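J.: Per TrEMBL, Fe cation binding site is recorded for CYS107, HIS150, HIS154. The active site feature in TrEMBL is assigned to GLU151.
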Amino acid sequence: MTFQLPALPTGQVRDVVRAPAPVLSTAAPELDPTSPEAAQLCADLVATMRVSPGCVGLAAPQIGVAARAFCVDVTEHPKTKTCHGLIVLINADVIAASRNEKSREGCMSVPDFTGDVKRANRVTVAGLLPVTGERIEIVTDAFEARALQHEIDHCAGLLFLDRVAGAHAVFPRKVYQDPRG
Ligand SMILES: [Zn+2]
């Protein structure tokens, strides 16, 4: 499914919250996608993602806002297969998932570590677009599927550290330019 992302207001770059901030481990409430606050929040998420090296996605709790909203853009990442460009979704859920696969993951809110996380390699994600509130479904795979699951986890109060198999699957991060969400 292709979709047209509605125009957003000018975004402000926000500070990224780091673990163990409580907002990162709390399931966020649903958001009214048609509210001006939702449009501004989404714009701020995109602006903050764009200025952060290696950032392929950002969720509202990561800028300190308890709300189910995130952006993802995996364009140009070498592990990307299917790509929808800039995605901004509100109240999103994974509605179908298959083919679990383990891969290394990083996070803006866990700057000093990466981890091996098992996630579905193919997913269907349903969510609402900001401004219009239109419900869309995104069918994707590989790195984009992983990034979407990582951000949906943030909205549920989960970090990749909650998904690793154990301490043996956590590694010190050496390069901040590596992809992270
Ligand atoms: Zn993250």
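A Cβ is built for glycine as well, from the same backbone N, Cα and C atoms used for every other residue.
TrEMBL does not curate its annotations; it predicts them automatically.
What's the neighbourhood like for these features in this structure?
T.: Take the CB of HIS150 (Fe cation binding site) and look out to 10 A: across all protein chains shown you find 25 other CB atoms.
The 10 Å shell around the Cβ of GLU151 (active site) contains 27 further Cβ atoms across the protein chains shown.
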J.: Using an 8 Å cut-off from the Cβ centroid of CYS107, HIS150, HIS154, can you name the remaining same-chain residues around the Fe cation site, in sequence order?
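T.: So the extra residues in range turn out to be GLY57, ALA59, GLN62, GLU105, MET108, SER109, GLU151, ASP153, LEU158, LEU159, PHE160, GLY181.
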